[in-house]
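Listed in TrEMBL for this protein:
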REPEAT    40-73  repeat 'TPR'
REPEAT    74-107  repeat 'TPR'
REPEAT    108-141  repeat 'TPR'
REPEAT    222-255  repeat 'TPR'
COILED    258-285  coiled coil
COILED    346-393  coiled coil
DOMAIN    394-461  domain 'J'
COMPBIAS  449-459  compositional bias 'Basic and acidic residues'
REGION    449-480  region 'Disordered'
Amino acid sequence: MKCKWHSMEDWSRIVRSFTILLLTCDIYNFNLVEGVNPEVEKHLEMGKKLLAAGQLADALSHYHAAVDGDPDNYLTYFKRATVFLALGKSRSALPDLNKVVELKPDFTAARMQRGNVLMKQGKLNEALLDFNEVVQREPNNQDAIEKAGMIGPLQNDIEMAKGFFEHNAYEDVIRLLERPVELCPWDTDLREMRADAFIAQGEYFKAISDIRPTAKLTPDNTRAFFKMSLLHYKMGEEVDSLTQIRECLKLDPDHKECHDHYKKVKKLVKQLEEAQELKNNQKYEECINKAKNILKTEADVVPFILRAKSYLCHCNSQTGDVNETLKSCREVLQLDPENVDAMVDKAEAHIANEDYEAAIRELQGAQEVDQNNRRVQEALNKAQKLQKQSKKRDYYKILKVKRNASKKEILKAYRKLAVQWHPDKHEGEEKERAQKVFIDLAAAKEVLTDPEKRQRFDNGEDPLDPEEQHQHGGHPFFHQGFNPFGQGGFTFKFNFN
């Protein structure tokens, strides 16, 4: 009777294969079960039923009882070992498999299973002994022949990988360890070596994928959790970094490196959350201060620097600080040249600076990155309208104020210029010019002190342009009843409200 052992690639296949092994192989009919006391037989039968139902942990408890009740029955050890393996507990399975081989050296199914476990653990010389023993007893066992033939090439690949690792040839290390890691997935040394090679190549995500299993395979592996936390941190994944460092501290609350890193990550997580909340709530000055604090907490890790500068870029743009906006947005784009949000914020600063050509260039570049971005399209339309508008009447320039001037500043500028250009203060041809300037001043005041009209003007539309008002269904300035010269003659009365 032979019991074929199938290879597994993941835990679900492990469970399924081990269950099939116990339920379909004819090992339940061994004569050695004769003389077993009824209580042990009862536990074996219950274990078999629970195993068939997929209740591995419950099945294991009955096999424990069976082993305790009949410590010289190799079959009970074999069954328990198989359940251990199905549960992913290879360390617990090996002593049972060793006991099986000790009690029944010619039981090739146990040797084959032990050889597979040893191979997965990377103990290739020991695995080869078991495979060779099976081949000696069963010369036609193709599974054993195949596995024995794998050992030599695997050992060669591993030795070559170690040599390349010492010479910093990390691409070769990764290439050579692909098959050994696949066939020896429980060998933590191989995974750690490949993880270090991935780290050297900057492939942190792949490194984490290799380190994660070692945290389970090695008891109390604080080093693995610390390393994963650092890698998540370097990738800008502060929440995952915090999760892993907490796992380290669960294993060892006094671990100094983990504790120090935990304090830093926890602080940074809070700062990032607060900065985002301030941005969402349009508290832009506070957002700027919080972003500066983030840069004090972390001045070296690029993803966090990028996020802090992105907050500075956007929040400065919302406060109207053109110089700081351009500076911080340029820094964002140096780190992330295709950051569309930074491109738009930078373009808005150019618009505030009345550099419409620069704004249009920036937004056209953003459009190449994301053709369907609505914010980009709206900003581009606005910049193009303002560029066209700049060739006409500019109310900000008429009053000699900045585009982000407050209503108070606008009224102050109007009063000063209105007094200067009052037509009664001018004679002859100069009076005619003063009348024109005075009308422009009054129009500028009318538009820029009315929030709705000012918003329309800022979006590239002149609320007082008869042609544009006709297109938009509105009314030109004088149609609204405004006449700075009153009724008949030039008698001027100022109202500076």
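Our numbering is plain: 1 for the first residue shown, then up by one each step along the chain.
Cβ coordinates are placed from backbone N, Cα and C, and glycine is handled just like the others.
Tertiary proximity for the compositional bias 'Basic and acidic residues' (449-459) is limited to same-chain residues at least six positions away from its ends with a CB under 8 Å from its CB atoms, namely 382, 385, 389, 395, 403, 407, 410-411.
Taking Cβ pairs closer than 8 Å, the repeat 'TPR' (222-255) reaches residues 195, 199, 204-205, 207-208, 211-212, 214-215, 261-262, 265-266, 268-269, 272, 301-304, 306-307 in its own chain, all 6 or more past its ends.
Sequence-distant neighbours of the coiled coil (258-285) (same chain, 6+ residues past either end, Cβ-Cβ under 8 Å): 222, 225-226, 229-230, 233, 238-239, 241-242, 245-246, 248-249, 252, 291, 293-294, 297-298, 304, 307-308, 311, 314-316, 318-319.
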